[in-house]
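According to Swiss-Prot, the protein carries these features:
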- 30-50: transmembrane segment (TRANSMEM)
- 176-196: transmembrane segment (TRANSMEM)
- 357-377: transmembrane segment (TRANSMEM)
- 641-661: transmembrane segment (TRANSMEM)
- 673-693: transmembrane segment (TRANSMEM)
- 778-798: transmembrane segment (TRANSMEM)
- 921-941: transmembrane segment (TRANSMEM)
- 969-989: transmembrane segment (TRANSMEM)
- 997-1017: transmembrane segment (TRANSMEM)
- Asp1053: active site, 4-aspartylphosphate intermediate (ACT_SITE)
- Asp1335, Asp1339: Mg(2+) binding site (BINDING)
- 1426-1446: transmembrane segment (TRANSMEM)
- 1447-1476: region 'Disordered' (REGION)
- 1449-1462: compositional bias 'Acidic residues' (COMPBIAS)
- 1542-1562: transmembrane segment (TRANSMEM)
- 1573-1593: transmembrane segment (TRANSMEM)
Amino acid sequence: MKIPHVTDPVSNMVGGMAQVVRASTHAATGAVNTMQMLASPVAEFAWPVVQSVAKSTGRALGTGHSPNFANRVDPPVRWHNGQRVHLDLDPLLPFPRWHEYAAVVEEPVRRIPGVAKGHVEGSLGRLVIELDKNADSDVVLGKVRDVVIALAADLALTGARSAPKVAPFADPGNPLAILMPLTAAVMDLVALSAAVTGWVTRLPAVPQTIRAAAALVNHQPRMVSLLESRLGRVGTDIALSITTAAASGLTQAVGTPLLDLACRGLQLSEAAAHQRVWRDREPQLASPKRPQAPVVPVISSAGEKSHAAGHNWTAAASNEASHLVVGGSIDAAIDTAKGSMKGPVESYVDSAANGSLIAAASALLAGGGTEDAAGAILAGVPRAAHMGQQAFAATLGRGLANAGQLVLDPGALRRLDQVKVVVIDGAALRGDHRAVLLARGNTPGWDDDRVYEVTDALLHGERAPEPDPDESPATGARLRWVPLQGPSATPVQGREHADLVVNGECVGGVDVGWEVDPYAIPLLQTAHRTGARVVLRHVAGTEDLSASVGATHPPGTPLLKLVRELRTDRGPVLLITAVHRDFASTDTLAALAIADVGVALDDPHAATPWTADIITGTDLAAAVRILSALPVARSASESSVHLAQGGTTLAGLLLITASAGSKSASPITLRRWFSPVNAAAATALVTGVVSASKVLRLPDPTPQPLTAWHALDPEIVYSRLAGVTQPLAVEPGTPDWRRRLDDLSYTRALSPLRKPVTKLARLASATRQEFADPLTPILAVGAAASAIVGSNIDALLVAGVMTVNAITGGVQRLRAEAAAAELFAEQDQLVRRVVVPAVATTRRRLEAAQHATRTVTVSAKSLRAGDVIDLAAPEVVPADARVLVAEDLEVDESLLTGESLPVDKRVDPVAINDADRASMLFEGSAIVAGHARAIVVATGVGTAAHRAISAVADVEVSAGVQARLRELTSKVLPLTLAGGAAVTGLALLRRASLRQAVADGVAIAVAAVPEGLPLVATLSQLAAAQRLTAKGALVRSPRTIEALGRVDTICFDKTGTLTENRLRVVCAVPNTRMPHDPLPDITDPHSAAVLRDAARASTQPHDGQGHTHATDEAILTAASSLNSHTDSTWSLIAEVPFESSRGYAAAIGITGNGKAPMLMLKGAPEKILPRCRFADPEADVAHAESLVRHLAEQGLRVLAVAQCSWGHDTTDDNDTDADAVDAAAHDLELVGYIGLADTARPSSRPLIEALVTAGRNVVLITGDHPITARAIAQQLGLRSDARVVNGTELIGLDEDACAELAADVQVFARVSPEQKVQIVAALQRCGQVTAMVGDGANDAAAIRMADVGIGVSGRGSSAARGAADIVLTDDDLGVLLDALVEGRSMWAGVRDAVTILVGGNVGEVVFTIIGTVFGAGRAPVGTRQLLLVNLLTDMFPALSIAVTSQYEEPGEDEYQTDEEADEARRTHQHEVLTGPTPSLDAPLMRQIVNRGVVTAAGATTAWAIGRWTPGTERRTATMGLTALVTTQLAQTLLTRRHSPLVVATALGSAGVLIGIIQTPVISQFFGCTPLGPIAWSGVITATAGATAVSVLAPQWLNKAFGIAQLNQE
């Protein structure tokens, strides 16, 4: 089939292209001829596009036809695939609100024979036609055109004329998207061919001035903007491609076209993938069955600036700039507001453009020619920055397209690195099913829970569950929807109201919204990890997600206004939203239009979101991947900028040295084939591709449904889960090459090498991670610069230091991982899975699951949602599960909730807002009593325990001291570079050669870079980690030790961390005790009697099994401690174990005095007291309740103990059942009360008191009741007036509000795992360096979030230990104080080492500058001499200081008692922790300046003595060099004279120096000469004098150089 008017287009195409060519350079003539040859084969494919481009270009150049003859212009074909055609209506209907006449156009078109379907897409301005399969397209489209033209003529007579409309989006179906990169790639091939041919045939190359002129135009943003205003984007791209290719070919430069060819190839593959997705999704997106979005005219700021009239119609608000097509061509554009903000690449491009112009001007002013100026321009080309960004975006775009995502605007992927705010619209979080948000019963038999479960069943099309005995049947139930009135009726809120009607009677009301999408949790977790501010616009049902975001806005907030304000206040915005039938679409589409990156989910039943940049599928999985690309895009762009900066620096240095060196270089030079700029660009391109590939290889997020299983009837839960079990989660597939290599490694020949090769591979991987150190790029550039100027030894030194540092760090990482693996090794958990027989109905299947006796033992890892598991004490729950059967079931959830007491579980549904969720079992909890059957609802990362951990799974690990050193380097590096520049400038003033001057300057600059900093940081942390490990603290992440030295807030989990998670009897209180009397000791006779009776009522262990309940164990243990033997006076007859429904345990027995049998009861006071008799009921009951309340306020769990005579027959204890006991348990005699509490660790209170005394803020976080939490806090040493906040107070708070609350709170009670993360994050936002100490799975996420995560070993959860940076391996929490002291010590060591490294280098720079000024124009020390100085003064002395402890612990005295030794240790810890906070700021700068001044003074004095005494210049330089070393070594000795290692290192370095200086051959190699007695006397005098000044007059030095004297640490 053919599309009309696509034949013979060559002449028109060439004419349009010629207009563009005339606007560019004449040097592109060859490329134009190439385009003419290519025109014919691509014409049929590209003609509709090229025709529009030609018209646009003609208007831009002042030629072409007037646009005001729409009734004589055929509507152009914008896209076709043979059967579906898009006709552009813009030229035909040039008046506003034309979309209101869509029906007038559609009806006549549909009646044309051969047209199967036809409709107008108003947002696109297109007539979309689907042809019959057998229709002749030429004939049909001809008739369509005739009909449309006639209709347009009629409508034009009545419509108000205005400027034409344009398409509001970048058309992925546009063939130009492929034609443009294809054309540019062909031009690059031609340029490559020309360059290689010219070099092979030795044709003369034109001056590089031509290439520089092309680069200047191509990389000057202002020039590009000017061309775009005249030629349009397409014309500008063509013109620049031609000029660049022609210039590269004529100058025989291979690198530029080769790199551009690679980049164009990526763009071509991206465009092809986008077009493929467009072809697949267009029938569904542009379907006539979908509702049309409202079209609103807007004023575009870009249209006002363009020469041709340009208007924009889109779903937006008046006066809002949106997408624009300049001049009506297919330039496709981007909203000008979107392009107005700059990311790292755009900012650098601007500065590089200005810098290259300044460099070129400087070259001309310095007497250089045009070639030198051209070289300066080419050295400043930011090619690497562009390449990295384009490579990342193109690779990511192709991957998204391959996954089926439609990218309407590829420019959005280029803006990912700019995003500062992520706005998530609650409409995008809407699931597929309706959900009950609130249920209210108003009739007997219809409580809230019953209304909820019946309504939920109706919404899901299920049969309502059978009623309980006290509930009414739901026969004939239906929902009657009630329209909302007033402001709450805003559709965007997503809330509707309905009445539940049964047999015509309204029995309750419900608020109905939508379920939350299963990918909502992964989406919010990923957004949290992007580093951008996350904002959530709520819809009904998303309120529980507030804690995961930075700010929230209520339902009904205008999305357009919100996005606009955030863009203005905080920067570029990425918006994730969706258009739904019951949501306001105009506001959503408008917000998508102005968002910098608009991502919209596609709802096939709603309007197509054409204003989005990216249209995903119907779920959030693709949006999760896009969000995960944000930090990677930012990192890739920053890396590209750094590469560009390094390439420019090296290219400029190469330019200077080459111009000063030989001119006889071969045509194949680094400058032409492999220049630093091109090398950096190639590296950036590869890095961009690799970074994007990592994003695309990320596994798909795991759905985490938030269904309220606890509120549903078991039958409903079983029907939704059973029979539809999900497949097991599998790891991402292993690549074929990796699998083949793995198979090959098991062969007989290679199997012996498998283990060592694996170790080497792991070491290589760990070493590669260490190369990510922030100082690595700086040192790499320095090494390359040294090599360029001929200082190969310095280059090798720097490279060697980098390698040694990375290997050392890698080894430590592997050691830590191995130790952690050994510590955390676990056995595979086994669980009994119930085999459910196949039966007909859901109810019968549920009954079979509840009563089936056959089970199979399987691995917990193989469980899936829908499996039924069987559990009994003391097993651990392997997954989240809904209880189906509960027999006296009690569960220990302390590792999850922090609640130290067991909780009762039951089968009945609980209220949807009930935080206890008593019908659920959660992974990690332990069964302490009873038996359970439960159906699995979530496994793996979908469980509640793992959900909190995964929320911070990828939180950036503390950068350690490296980050602080990077800040220091950023301050010092400019000074060292300035020193190198000063040496070069002074040398030139003294008429030194350019090459020599530059070499001296580079040598100084490189030598002044503290290349030992990374190694110092690594080894100091390693040494501190080893010292801590010896004290019982395993350091898994050495980088966090630096944060230990700065910690000012420590958060403690209570249960299992500060306590042993084991109940003990605190007191036994007789009933006669007054409420406020001091608690008696259990050894008191009256208290012992109460404890004895409580023990008699406790269930005794049987058959060697453990105690059934933790309370029984605690009471029996306490009772046995008072009696060395069993209570022989009590003969047990029968017992009734505790059951939650009864609330007490009972026992029947006979005492030794032969009295009648007694019934002993022990249970909750609210169950026991009503059964007791009192002489004065009113007063006695008030007294009892007051006493119970007083005990509870002490943080105790209170049990009441009572007794009475048993008057029944006891000959057959089988007849003594629970019902008989319950009937007899009246008129009881109240004996007293038992108070139980969790057992505190012996080291807890001393630790808390020491931390508080040292000025640390201690925060207690627990799942206990607020009253219990307050009491425990006081017992542990916190203030009695400490504020206690309930976890419910945190619900709904955004990040800012939570930070404000957390600033002055010391105790948090009843908190969930997610809220623990919220608390830690809030403290961090308050500027506090936070540590988190915990032992449970509920602590793991907070441990990972904290600056320092500390796990407590022992009974604790492996999840907590696995998330921790430091693991305490024994029960002594006092090791934490040692860790804090070690952190301080490491900081002090690093500070002194940095003083040696940086301060010594500063002194070297100052000495070199002085020597250059007063010498012969050359630096007094050369490259090799500076190498010697760095080796002797920087590396080994600095390392010895870094690995030794600053604070000496008090020595052991054989005459000291243990108490005296502990007191001395505590005093030492207090002195260290109460000192000033370690800092690398003012105190360090003072020490650096002092050392630099003293070093320079000593070296300069010795050098001056050498000049004033007879001798050669080499002797003088040697004296200065020697004093330079000895002055620094003397200061090092003074810093740590108590350390044998430092003393030995300093003396050893001095000995090596003397040996090198005095050995003739070696001395000459280093540019020195042996010194005589007079020279040595001068050196010693200078060294001693300078050192004496630093010791005797430090304050004078501070004042002389403007450094404020601060308190010494």
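Every residue, even glycine, has its Cβ placed from backbone N, Cα and C.
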### Folded-back contacts onto the transmembrane segment (1573-1593), same chain, C-beta under 8 angstroms, at least six residues removed
1490-1491, 1494-1495, 1497-1499, 1501-1502, 1505-1506, 1509, 1511, 1515, 1518-1519, 1522-1523, 1526-1527, 1530-1531, 1534
### Query
Roughly how many Å separate the Cα of Asp1053 (active site, 4-aspartylphosphate intermediate) from that of Asp1339 (Mg(2+) binding site), to the nearest whole number?
7
### Task
Take the transmembrane segment (357-377) and find every residue of the same chain, 6 or more past its ends, with a Cβ under 8 Å from one of its Cβ atoms.
207-209, 211-213, 215-216, 652, 655, 659, 671
### Highest-contact recorded stretch vs the transmembrane segment (997-1017), from 176-196, 1426-1446, 1542-1562, CB pairs under 8 Å
1426-1446
### Message
Cβ under 8 Å, sequence separation of at least 6 from the ends of the transmembrane segment (641-661): give me the contacting residues as numbers and ranges.
### Response
344-345, 348, 352, 355, 359, 368, 372, 375-376, 378-385, 388, 670-671, 675-681, 683-684, 687, 777, 780-781, 784-785, 788-789, 993-995, 998-999, 1002
### Summary
With neighbours defined as other CB atoms within 10 A, the best-packed of the recorded positions Asp1053, Asp1335, Asp1339 is Asp1339
